[in-house]
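Chemist: Supplied in C-alpha cells, the structure appears directly below.
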C-alpha cells in the first residue's frame, strides 16, 4: 500500500525562491554591472585610453555632482542641477499627462465612430513617425521660448504613439467580454468603465512607459535646441563653457532619473496585470 501511494503521488516540487530573493538578485546584478562599468571607465582614463579632459573619470565626476558647483548661468539666469531637473520633470509630467489623456480620448472616438476612424486614424498614422525634435522650430516660432514650448513638444511626442497603441489595444479586446456585457444588458458607459478600459490597462501601462521615454528625450532635445531652461539647457551650456564634468553629471542624471521613473511605472503596471492573463 505504501509503495502504491508513493507511486501515485507526484514528487513535491522544491519551493520557489520568494520574489524578495529575485529582487535582491536583480539588485546585486545591477550593482555589479555598474561597478564594472565605472571601474573600467576609471581605469581607461588612468592608463590613457580615454582623454580625461573630454570624458572625466568617476573620481572627478561623482564628487563634482555633490560639490554644489554644478550650476550654469549668471545672476537671475543661474541654475543648479536640482532646479534644472525639477523644471524638466514638471514639463515632462505636464506634457505626458496631457498627451496621454488626449490620446485616450482620440482612441475612444476612433473605436466608437467609424467615420472618425476613417478621418482621424490616417492623420495620426502619418504624424506619429515625425520626430518631436522636428517640431521644435515650429513650436518656438508659434509659442515662443519657454516652458510652454517644451510641454507642447512633449505633448506631440506622446499623442501619436499613444493614440495608435491604445486604439490597437481596444481593437484587440476579446469579443467574448463584450458579448457577455451586452447579454447582461450593460449600458455603453458600463461597458467602457467595467470592460474596455480595465481590459486595456496592462497595454496602456506598457504604452505609457514607452511614451515616457519618448517624452523624456523630446523635452531634453527641446531644451537643448532653444528652450533656455531645464536639464537639457544646462547640459548644452556646460558644453559651450567646456565644463565637461557638468556635462557628464547631467548625462548621468538623465539616465538615473529615467531608470527610476521607468521602474515606478513598471511597478504601477503590475497592479493592472490581472487582465493580461
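Heads up, residue numbers simply count up from 1 along the chain you see.
Cβ atoms are placed via backbone N, Cα and C, with glycine included.
TrEMBL entries are annotated by machine, without manual review.
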Chemist: Between 84-107, 180-203, which stretch does TrEMBL give the note transmembrane segment?
Modeler: 84-107
Chemist: Which stretch, out of 28-49, 50-71, is listed as transmembrane segment by TrEMBL?
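Modeler: In TrEMBL, residues 28-49 carry the label transmembrane segment.
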Chemist: Any chance the transmembrane segment (149-170) and the transmembrane segment (28-49) are in contact, meaning at least three CB pairs closer than 8 A with a sequence separation of 6+?
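Modeler: Since fewer than 3 Cβ pairs under 8 Å link them, the transmembrane segment (149-170) and the transmembrane segment (28-49) do not come into contact.
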Chemist: Mind checking which residues reach the transmembrane segment (28-49)? Cβ under 8 Å, same chain, six or more beyond either end.
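Modeler: Long-range Cβ neighbours of the transmembrane segment (28-49): 55-59.
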Chemist: May I ask which of the stretches 119-143, 213-236, 242-261 has the most CB pairs under 8 A with the transmembrane segment (84-107)?
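Modeler: The listed stretch sharing the most Cβ pairs with the transmembrane segment (84-107) is 213-236.
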Chemist: Sort out the residues at least 6 away from either end of the transmembrane segment (119-143), same chain, that have Cβ-Cβ distances under 8 Å to it, and list them.
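Modeler: Distant Cβ neighbours of the transmembrane segment (119-143) are 106, 109-110, 149, 152-154, 156-157, 159-161, 163-164, 167, 214, 217-218, 221-222, 225-227.
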Chemist: Go through the chain and flag residues at least 6 beyond the ends of the transmembrane segment (213-236) whose CB is under 8 A from any CB in it; none is fine as an answer.
Modeler: 72, 77, 79, 81, 84-85, 87-88, 91-92, 95-96, 99, 132-133, 136-137, 139-140, 145-147, 149-150, 153-154, 156-158, 161, 246-247, 250-251, 253-254, 258, 261-262
Chemist: Go through the chain and flag residues at least 6 beyond the ends of the transmembrane segment (242-261) whose CB is under 8 A from any CB in it; none is fine as an answer.
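Modeler: Here the qualifying positions are 53-56, 60-61, 64-65, 70, 72, 81, 84-85, 89, 212-213, 216, 220, 231, 234-235.
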